[in-house]
Amino acid sequence: MDYDEEKQHGEPTVLASTPPETPQRPLNAEEKLARTTIGIDSRATTSSSEQEYQGTAVHQDNGILSKLRSWEAAMDRRLGIESEAIDRKLPEDRQPLTWRSQLTMALLWASGTMNLSCFATGFLGWEFGLSLKQSILVVVFGSLLGGAVSGFCATMGAASGLRQISIGRYSFGWWPNKIIALLNTVGQLGWSAVGCITGGIALVAVSDGTIPIAVGVIVIAVVSLIVSFLGLKIILIYERYAWAIYLIIFLIIFGETGRYADNKTPSDLKGADLSGTVLNLLAVVYGSSVSWSTVASDYYVLYPANVSRIKVFTFTTLGIALPTSIGMVAGCVVSSALNNREDWASTYEDDGVGSLLQQALYPYGFAKFLLVLLVLSGINCNIINTYSAAISCQQFARPFARIPRFVWTILCFGVIIALALAGREQLQAYLENFLSLLGYWTTSYFVILFSEHYVFRKGDFKNYDLEGWNDPAKLPRGYAAFAAFALGVVVWVLGMVQTWYTGPIGKLIGAYGGDIANELTFVVTTLAFVPLRFLELKYVGK
């Protein structure tokens, strides 16, 4: 029956409509939102819709996660807060390459590394019994070595458009790569805790002991949370300029304390004892710089896909190694001065590195001002760590990816405070043990990624199925990577030297042991992964 307009009954004619053309590529965030938005005049019989969120199908309804995702998308549109962070960034979504963005390749890391944590790490050479010259040589070499590993990993971000943990799926596969995501999260949270502790120590010194270290820990964590919450674009802008303040501060530290440096007293260590101690310090310094390798590509996904990989490698390597060396060498210089200034040594033993700086710098009011700025230096490092930890959490499992990044950022914030409060009284032991452990597993991670890229993918990203980054069926099984990584764990346990454990091989070097875990891990992982990967390709097929 025809539809009667006046009586408004009958069967209306249904007009055929042509569905909108769908681009033959993954949809970006705005397109996904447009295709899943329900107008207020909709007469649909259901209140929910299906959409893709970070490569995972989600059901948009009135549940809490749906509301959080909608809120995240709204904040992204209005404030630029990053949503769907782990999605692959397509070439057409990238930003054009400018001289500012090229400088950011280096300055981002300069802001994250030139801080009070690196300064405190520089004291380890003196505490281990090394001379000033020996400590400086180890610091510079270890920083360059670790920075180069991170520089290689950084080159994979722009070319693939993927975050570092997602890139690992092309060698570790879907399931073993979850172990990497977990280890990376632990590492970034631990680094953030170090930044909170050192900032808290400086705040105690500024307040002449009236403010407890716990308050400083919370202040640093809260400010870091706010900036990390805003997302990648804001982080890149902040880190591009923050480094300059801390470079000036460290130059002032060199200028005011350098005349007291002890450049004459040789180390009492000889032979195997000296070798073992150098290896122990090298493991810590290398671990500090190489720890960025598991997050490096996170900060290059907005660069053009054809950006020079040599430029990215060079700028990242130097951007990590040089500022790290500046901060740690400053620590080496000031700690050596404790041999000539007994009053400084007493202050350091009783009240820590913050009070020592307040005493060493002058005039007194200016020293307090510099310490206030150094309190904030931990924020630069923590912003990077907290951001990358949150997007690593999203890659534990598909259900975790459905939870917006800002929620994970808040959860990471709570864990950071707990870790920092627990370790706030043992900073040097925390640094010595934690940084070495970071180096061990990241060495295996680097070897596997490097071998996969150059041996099996021929160094060409055309040999990667980049659109299958979130599809287990299109990824390797990861048997070879998992086996090689597990063998790496075995040998680094044998070669490690920590305050709580010394491996049977490590204890053979000198009276105090020598940490050769990284060296053993590098050799064994390389020898294991390459033949195992050939076998995996032959019998499994991918």
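Cβ from N, Cα, C; glycine included.
Note that TrEMBL annotation is computational and uncurated.
TrEMBL lists 1-10 with the feature compositional bias 'Basic and acidic residues'.
What TrEMBL records for 43-53 is compositional bias 'Polar residues'.
What TrEMBL lists as region 'Disordered' is 1-53.
The transmembrane segment annotation in TrEMBL covers 103-124 (among others).
The transmembrane segment annotation in TrEMBL covers 136-159 (among others). Distant neighbours of the transmembrane segment (136-159): 94, 105, 122, 125, 130, 167, 278, 281-282, 284-294, 296-301, 303-305, 307, 309, 312-314, 316-322, 324-325, 328-329, 332, 439, 442-443, 446, 449-450, 453, 461; these residues of the same chain sit at least 6 beyond its ends, with a Cβ under 8 Å from one of its Cβ atoms.
Counting residues 6+ beyond its ends, the transmembrane segment (180-205) has Cβ neighbours under 8 Å at 115-117, 119-120, 164-165, 168, 172, 211-221, 224, 291, 294-295, 351-355, 357-358, 371-372, 374-379, 381-382, 385-386, 388-389, 392-393, 395-396, 412, 415-417, 419-420, 423-424, 427, 430-431, 434, 438, 441-442, 445 in the same chain. Among the features that TrEMBL reports, transmembrane segment is placed at 180-205 (among others).
Beyond the ends of the transmembrane segment (211-236), by six or more residues, the same chain brings 76, 79-82, 85, 104, 108, 192, 195-197, 199-204, 298-299, 301-302, 375-376, 378-379, 382-384, 386-387, 390, 405-406, 409-410, 413, 416-417, 420-421, 424 to within a C-beta distance below 8 angstroms of the stretch. According to TrEMBL, the transmembrane segment annotation covers 211-236 (among others).
Same-chain residues lying 6 or more positions outside the transmembrane segment (243-261) and placing a CB less than 8 Å from one of its CB atoms are 107, 110-111, 114-115, 119, 132, 323, 326-327, 330, 333-334, 336-337, 340-341, 344, 357, 360-362, 370, 373-374, 377, 380. Residues or ranges marked as transmembrane segment in TrEMBL: 243-261 (among others).
Look at TrEMBL and you will find 281-301 (among others) tagged as transmembrane segment.
The feature transmembrane segment is assigned by TrEMBL to 313-338 (among others).
Feature annotation from TrEMBL assigns transmembrane segment to 361-384 (among others). If you look at the transmembrane segment (361-384), the same-chain residues 6 or more away from its ends with a CB under 8 A from one of its CBs are 108, 111-117, 191-192, 194-196, 198-199, 202-203, 205-206, 216, 219-221, 223-224, 227-228, 235, 238-239, 242-243, 245-246, 249, 252-253, 256-257, 295, 299, 354, 416.
Look at TrEMBL and you will find 405-422 (among others) tagged as transmembrane segment. Beyond the transmembrane segment (405-422), the same-chain residues lying 6 or more positions past its ends with a Cβ under 8 Å from any Cβ of the stretch are 68, 72, 75, 81-83, 85-86, 185, 188-190, 192-194, 196-197, 200, 214, 217-218, 221-222, 224-225, 228-229, 231, 382, 386-387, 389-391, 393-394.
Summarising the annotation, TrEMBL assigns transmembrane segment to 434-456 (among others).
Residues of the same chain lying 6 or more positions beyond the ends of the transmembrane segment (477-496) and with a Cβ under 8 Å from any Cβ of it are 171-177, 179, 436-437, 440-441, 443-445, 447-448, 452, 502-506, 515-521, 524-525, 528-529, 532-533, 535-536, 540, 542. What TrEMBL records for 477-496 (among others) is transmembrane segment.
With a cut-off of 8 Å between Cβ atoms, the residues of this chain six or more beyond the transmembrane segment (516-535) that come close are 171, 279, 283, 286-287, 436, 439-440, 443-444, 447-448, 451-452, 455-456, 479-481, 483-485, 487-488, 490-497, 503, 505-506, 509. The transmembrane segment feature in TrEMBL is assigned to 516-535 (among others).
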Problem set entry | Non-local residues, at least 6 beyond the ends, that sit with Cβ under 8 Å of the transmembrane segment (313-338) | 102, 105-110, 113-115, 117-123, 125-127, 131-132, 135-136, 139-140, 143-144, 146-148, 150-152, 154-155, 243, 246-247, 250, 253-254, 257-258, 260-263, 265, 285, 288-289, 292, 296, 344-345, 348, 356-357, 360
Exercise. What residues in the same chain, six or more past the boundaries of the transmembrane segment (434-456), come closer than 8 Å to it by Cβ-Cβ distance?
Worked result: 121, 146, 149, 152-153, 156, 167-168, 170-172, 180, 183, 187, 190-191, 194, 280, 283-288, 290-291, 293-294, 481, 484-485, 488-489, 492, 496-498, 515, 517-518, 521-522, 525-526, 529-530, 533, 537
Problem set entry | Tertiary contacts of the transmembrane segment (281-301), as residues 6+ beyond its ends and Cβ separation under 8 Å | 89, 105, 108-109, 112-113, 118, 121, 124-125, 128, 130, 135, 138-139, 141-147, 149-158, 160-165, 167, 180, 183-184, 187-188, 191, 232, 235-236, 307, 312, 316, 320-321, 324, 328, 384-385, 387-388, 391, 431-432, 435-440, 442-443, 445-446, 497, 515, 517-518
